[in-house]
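Single-structure report; data block below.
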Amino acid sequence: MQRIIGVEVEYGISSPSEPSANPILTSTQAVLAYAAAAGVPRAKRTRWDYEVESPLRDARGFDLGRMSGPAPVIDADEIGAANMILTNGARLYVDHAHPEYSAPEVADPLDAVIWDKAGERVMEAAARHASSVPGAPRLQLYKNNVDGKGASYGTHENYLCSRDTPFASIVTGLTPFFASRQVICGSGRVGLGQSGDEAGFQLSQRSDYIEVEVGLETTLKRGIINTRDEPHADADKYRRLHVIIGDANLAEMSTYLKVGTTALVLDLIEAGVDLTDLQLARPVTAVHHISHDPTLRKTVALADGRELTGLALQRIYLERVSKFLDREADRDPRADDIVAKWAMVLDLLERDPMECANILDWPAKLRLLEGFRNREGLAWSAPRLHLVDLQYSDVRLDKGLYNRLVARGSMERLVTEQQVLDAVTNPPTDTRAYFRGECLRRFGADIAAASWDSVIFDLGGESLIRIPTLEPLRGTKAHVGALLDSVDSAAELVDQLTH
């Protein structure tokens, strides 16, 4: 299987020494501190190229109007605008009041795990460097999606899809899937409702913030299916499915199955497999009901009158993917591995969700919380449980509860720590992220700006030179590796590419 995938995570941020600190300011400090520690001075830090971005274009065929206002800030060090492009092809920047790591494009779900996990190491270093600045507040970063005060911030997935596939088919095929996949990839949350005031535990941190079936916006009226039509690639050939319903995962199996199963269901949809019989009667309500039931026994209503659990819905998707793959002449090892792990996890969850406490986030978190509740005699309404929930997602290797579970062998990993550390500084080799990252590594001082689909060189002439990268599977090591090795300067590279 080969589908371009990208994961972007807004991290929670706090300053224990200065609780009233402005999060936009502290997020800016984190990004700038990481840049300084990486030895990238302000004058040489590549800017993000916003010219080709169109975040208000809707896949349903219209643009959401943007109210007139001041021009966007262009000073990359201004508060709230800090940005850097990393040599691994990722983007590290301030998005609203959060530091965000947007991983480079990958073509394999396991690589999505590796470069997403690399983002955790980047953020841990960013907080550490920012906190070491004399007089600066101590920062802590969390890979989660809620602040405990009613606000949610996103972990977004991106999948490159064929423009030929009707968007209505994507909505039909994915809505029941997204509603039910949280049984596997929910990260777990103490509290019910957006503010978390109602006592209890639920599967997903994001579900209570889903309010409509389909929508363009990502900060209010969030939809099960997001309609942003901004492919960051050849728009005549591709669309980018922008997924906002997912949680920030720490468990590698959760991330692997989250992106891997979604990619396989997209294969079904693009092949024209009929999934209309799985339509939900009340999709938004189903999202909430499935999340609020850690027993996994409650059912949701389908449009045809059937009642199914989230597990049962996932089982149907698994069966249809398996049947689809059985028709393929050449078996794909990655697809087979995802299907095998998908089936294994569903079997374990059906028998006892706690059997997944060493591989999935929400059961791991629930086991920690239940142990703490039993030792301390706490009800689910106890405020201390919210602190345990938060500490699970702390990115510090010695403090975060998830990381401590890994250290003592209580959470299984799918990748090695060396693979993750290599990915902090190196790009994937089989997507255009390789070209972007290697250009930054070799010729960073000569690059004025970059984006997902272009690299802009400043060679000292009257005009900047934009090299488009509209094909995500070009610009790979196989495609441009020898060329990059054969040139000694950015000018020579640009000359080779343009003549």
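Cβ coordinates come from backbone N, Cα and C, glycine included.
Keep in mind that this is a model prediction, so the values were computed, not measured.
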**Complete:** ATP binding in Swiss-Prot involves G6, V7, E8, V9, E10, S102, A103, N158; of R228, R239, R240, R282, the partner in that site is R240
**Message:** Of the binding-site residues G6, E10, H156, R240, which one has its Cα closest to the Cα of E100 (Mg(2+) 1 binding site)?
**Reply:** E10
**Sparsest Cβ surroundings (other CB atoms within 10 Å) among the binding-site residues E8, E10, E100** = E8
**Prompt:** Of the binding-site residues H156, R240, H242, which one sits closest to Y93 (Mg(2+) 1 binding site) when you measure Cα to Cα?
**Reply:** H156
**Fill in**
Spatial hits near E10 (ATP binding site) (Cα distance within 10 Å) out of the recorded positions D95, H156, H242 come to D95, H156
**Item:** Distance from A103 (ATP binding site) back to H242 (Mg(2+) 2 binding site), taken between C-alpha atoms, in Å
**Value:** 14
